[in-house]
């Protein structure tokens, strides 16, 4: 009876975990939908195309909130300690994140919506490969099947776009646009894997605070170089200001909550979940931009969700490093760490491990 009860409890936990993952993933999709709809409304109704300005506002909000928290944090590494130890890593991460946002938006000027939607999925296999080597994630056959099902759903969505007549533009230079999409998808994968490593090994506040700091600097410089004329041409009114504010809040919400979701799942799982963001944008577009509806949109949503649930139904495992000996006793691990921390204050300490995992400690 105890065994049956434990199985039922485990099954219930798995079901709740999958449901929670789905809900969190769709919340992120709605944030992305908000950024897409407001950007499109700005472009179509007011001829405002300033993706770098919009990104800058988001990074500046992250700076104001999370970098400030880091500056006054008493537990863990302070802002100055983080900058001294890892500033160049966060500089690279900030650059990858800023340029990922910029290249994807820029690609729409050169290639078609179909190419962007399809090639953007290139980031998922890149993300899985990086997770394999950097995070030591190990996948089962069902995970690859689930990814294939999700990509089939994206293909169905693109087919629905074509049948609904959303492919009006042929693009001015398709090759440049496609290269930009592939570059942006790869940079997103780098940013997401780095985010997963940081939030699971360091802290969410550190990730957001440092991305906010370096993202503000990099996007601010790029903004001054490539968008200053576009900004000067904006005819500001309360509607445009409101659209900018909604975009900024959605983007800030996306950045703030994504580390929470990644910590309980994985970067790959999150990226599969947010494939539905384009569909939410399409549903809003039915009313705002008078898109034609197709039943294939519903079908593509169902296919993507089935693939997402399949992926979440079986957890990935993490490969254990073989070079480092593993101790069964937590107390011995803590003792070893304590000896290492106090090495400069105590006599030389020698720790020897026998085959029976006993510890022999001697001091000189």
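Heads up, residue numbers simply count up from 1 along the chain you see.
Just so it is clear, glycine is given a Cβ too, placed from its N, Cα and C backbone atoms.
Please treat TrEMBL annotations as automatic predictions, because they have not gone through curation.
According to TrEMBL, the protein carries these features:
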type	residues	note
TRANSMEM	21-43	transmembrane segment
TRANSMEM	55-75	transmembrane segment
TRANSMEM	116-135	transmembrane segment
TRANSMEM	142-163	transmembrane segment
TRANSMEM	175-193	transmembrane segment
TRANSMEM	205-226	transmembrane segment
TRANSMEM	238-258	transmembrane segment
TRANSMEM	270-290	transmembrane segment
TRANSMEM	296-313	transmembrane segment
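Highlighted: of the candidate stretches 55-75, 116-135, 205-226, 270-290, 296-313, 270-290 has the greatest count of Cβ pairs under 8 Å to the transmembrane segment (21-43). When the stretches 55-75, 142-163, 175-193, 205-226, 270-290 are ranked by Cβ pairs under 8 Å to the transmembrane segment (296-313), first place goes to 142-163. Among residues of the same chain six or more beyond the transmembrane segment (270-290), those with a C-beta under 8 A of the stretch's C-beta atoms are 21-22, 24-26, 28-30, 32-33, 36-37, 40-41, 44, 117, 121, 123-124, 127, 146-147, 150, 153-154, 157, 192, 258, 261-262, 297, 300-301, 304-305, 307-308, 311. When each of the listed stretches 55-75, 116-135, 142-163, 175-193 is scored by C-beta pairs under 8 angstroms to the transmembrane segment (205-226), 55-75 comes out highest. Away from its own ends, the transmembrane segment (116-135) comes close to residues 104, 107-108, 147, 150-151, 154-155, 157-158, 161, 177-178, 181-182, 184-186, 188-190, 192-193, 196-197, 266-268, 271-272, 275, 278, 318 of its chain (Cβ-Cβ under 8 Å, at least six residues beyond either end).
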